[in-house]
Amino acid sequence: MSSEIRFTDFKSDKQPTWCPGCGDFGTMNGMMKALANTGNDPDNTFVVAGIGCSGKIGTYMHSYALHGVHGRALPVGAGVKLANPDLEVMVAGGDGDGYSIGAGHFVHAVRRNVDMTYVVMDNRIYGLTKGQASPTSREDFETSTTPEGPQQPPVNPMALALASGATFIAQSFSTDAQRHAEIVQKAIEHDGFGFVNVFSPCVTFNDVDTYDYFRDSLVDLAEEDHDPTDYDAAKDAILDADKEFQGVVWQNEESVPYGEKHGVTEDMSQVDEGAPEGAMDLVREFY
Amino acid sequence: MPADFNWAIGGEAGDGIDSTGKIFAQALSRAGRHVFTSKDFASRIRGGYTAYKVRTAVDPVQSVVDRLDVLIALTPRTIEENLDELHEGSVIIYDGERTTMEDVEIPEGMIGLEVPLKRLAEEAGGAIMRNVVALGAACEVADFPIENLDSALEKRFGSKGQQLVDNNKEAARKGQDYVDEEYDHEFDYDLETTDEDYVLLNGDEAIGMGAIAAGCKFYAGYPITPATDVMEYLTGRIENFGGHVVQAEDELSAINLALGAARAGARSMTATSGPGIDLMTETFGLVATSETPLVICDVMRSGPSTGMPTKQEQGDLNMLLYGGHGEVPRFVLAPTTISECFWKTVEAFNLAEKYQTPVYLTADLSLAVTEQTFSPEEFDMDEVEIDRGKVVDDDTIEEWQNEKGQFQPHAITDDGVSPRAFPGTGEGAHMTTGLEHDELGRRTEDTDLRIEQVDKRNRKVETAKEQEDWSPREFGDADSDNLVVSWGSNEGAMVEAIALLEEEDVDVRFLSIPYMFPRFDLTEAFEDAEEVVVVECNATGQFADVIEHDTLTRVKRVNKYNGVRFKADELAEDIKQTLEA
Ligand SMILES: Cc1ncc(C[n+]2csc(CCOP(=O)(O)OP(=O)(O)O)c2C)c(N)n1
Ligand code: SF4
């Protein structure tokens, strides 16, 4: 553990091109703080980013990083972690990236339970493509492509995660810096797939799910005596349509991450100079 | 007496055709005979016609021919399906007591051997062994020492207990004795054995074995015929070498998992068939732009769409050469034999890492699912060389940092190859992206930087063209005016066709091309030839088109696209006619 690491060490020298006031600034700062607090440094950290305004995060952070194709960051993250379990792997993307084009991967990443952290910057809109409805947009939210609103209920990411067998589910608010960093830190520390849905408002295209809206409506689970290890309580909170909350809603303390379960615990980057020892036995099998 | 012996077992899927055929093939291989197998299978698990064919000789065999000497027919349809290949004197072994086989008529001139397979199997301990009874009968017909069958049965059932092995041996003997006692016919066959030790394997297995030999540690895939065998081979084996297989939720995930592992520094691979390549194409561009070494194996089947999943075709070449939006460098290797499936896989990993590009490795269904015997030396693991390319470590990284101490994963170099730092390397933190980027890997839309990076990536291909050997495999008469060119599994049939053509005084020079991109320059060979024929298993002649483009010369074409591989005798005839046309 290198105590001299500060969260700013995770900052790249590239100036973010996010709109001034975008929630993604806070989301990213919290992630960097959480990484530093958990004793990581840029050389052992791998950040995989999706596509969208949110996905630009990999550029503004300093670490090993891959900015992939739309919706497919989760399998990349799992591949990195399984190939080198010594790395701290964080995957980040938007609600469109994660719950629309990437929804299939989300379900399976959750059940695969690879020991990594997934941060979704949920602004309930498509930011980068300039304001279309996202899977978390409200039913009546009017956009350029849904003039009457999507007329479909939003997905409930946490319900989706819970139903898929998630071992850690949390929600945070990008601007509540201290709390947000703390929640991400818990996700990092969790043994398994740590999922955090972050309310990260889009100040340019979403005038409904604003900072004010979240500030007024957010309930902190920690202040409600919520027990995150109580599955039924988690289920109730997650399915409560009238409640916006932050905090760790569900944590399975019995979680055994994929790597441990499958005995994938060694760094795979090293290779022998020739065929590995015992390779000739592979041929003998065919006698 | 024919030099080689052709045998088949056919019935419905679910009849145990595959395992029975495999036992026989293994018995022959263990007896020091060369074996070449082929399968007729339909895309269903139960019902439908399916057959396993074995061609065997003391000399090497590397293709199928239009002839069947002994057929074990479990259904009447098996006889119908193979009428063309049965000849005067062919032996058909069947169970006349089986209801569906009661009234079966043995075609004129052929020998029907009615053997109560089920009854004899029950006597030996269970009806399930009726196919083994048939194998015993076939041994008697072919004058093949049954001890070799015993050895294959031990291999197959040994792990399930001696009792089962003994019962099976007993079943085989009952079949043998029955034929011996009930028929006093003299058969023309005499399958001699030799002291040679052969191994018997198919192309998918050779690819899996090549991957492990090359130090591949990570494999992610999604099941699809005929590529699944690669995943099945690796599962349970790669772990012994520190690796792991993930069955992904789809091909999009599979290639992204594999990409992640490759970024982490592991030698990494995925395999699929055409429909899966379609899905992977999205990420293919990212792999190439991010300069990630990755081996992507396409075991071709008949398309388009879901096409004919269990049938042969070489229809994906255009997709492999050109698939994906934008322009990205890639290598496309196409092994031409089963042992080459092994060696080209090893080579694919080296090329991927040396040049930091995706490598498509393509085998066609015929290569993937048919088995062939080889001397074990063909897979000499001591010959495997590993080249990881420009990997930097904590000590050498400095050389590749800019004045601010930042590592440059996409540094512009003369040979087009940039340094690689595995995550965890001190001072090496960097990003990469599918967006166009600068030397640091950061997004750019700067016009000059764009050109520099595109040129850099393409330069890798130029470097590889100079540094690597892209030669074809050459056969036949080097001085002939007739040039035949093909790729993939056609090589075996073509090599045998050359011998058949010789008998008819037709000489050919044959180039079998294992590298689809970069390609060997055929211009000179074309100048030396009067006639050029390109042989491939597709309708439009994708490779012929490419060659015409490369050489600015028209070629003649032999195409087959009914879903069945070329047979040596048929191909010889096609070549002859095409040359004469
Ligand atoms: C295959 C593909 N389809 C569409 C796009 C265009 N696209 C880029 S970002 C985006 C949506 C991003 O929305 P979200 O994930 O919510 O992120 P945000 O920009 O709001 O942070 C889309 C549709 C793309 N890049 N790739
Ligand atoms: S468009 Fe919205 S999400 Fe994108 S940077 Fe601007 S405020 Fe942020």
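Yeah, the Cβs are placed from backbone N, Cα and C, and that goes for glycine too.
For A:51-198, the entry in TrEMBL reads domain 'Thiamine pyrophosphate enzyme TPP-binding'.
Only residues 6 or more beyond the boundaries of the region 'Disordered' (A:130-153), in the same chain, are considered here, and those with a CB under 8 A from a CB of the stretch are 94-96, 99-100, 103, 122-124, 204-206, 208-209. Per TrEMBL, region 'Disordered' is recorded for A:130-153.
As annotated by TrEMBL, domain 'Pyruvate ferredoxin oxidoreductase beta subunit C-terminal' applies to A:202-265. Residues in the domain 'Pyruvate ferredoxin oxidoreductase beta subunit C-terminal' (A:202-265) partition by DSSP class (helix H, G, I; strand E, B; coil) as 24 helix, 11 strand, 29 coil.
In the predicted model, the domain 'Pyruvate ferredoxin oxidoreductase beta subunit C-terminal' (A:202-265) has a mean pLDDT of 97. Helix first, then strand, then coil: DSSP counts for the domain 'Thiamine pyrophosphate enzyme TPP-binding' (A:51-198) stand at 55 helix, 31 strand, 62 coil.
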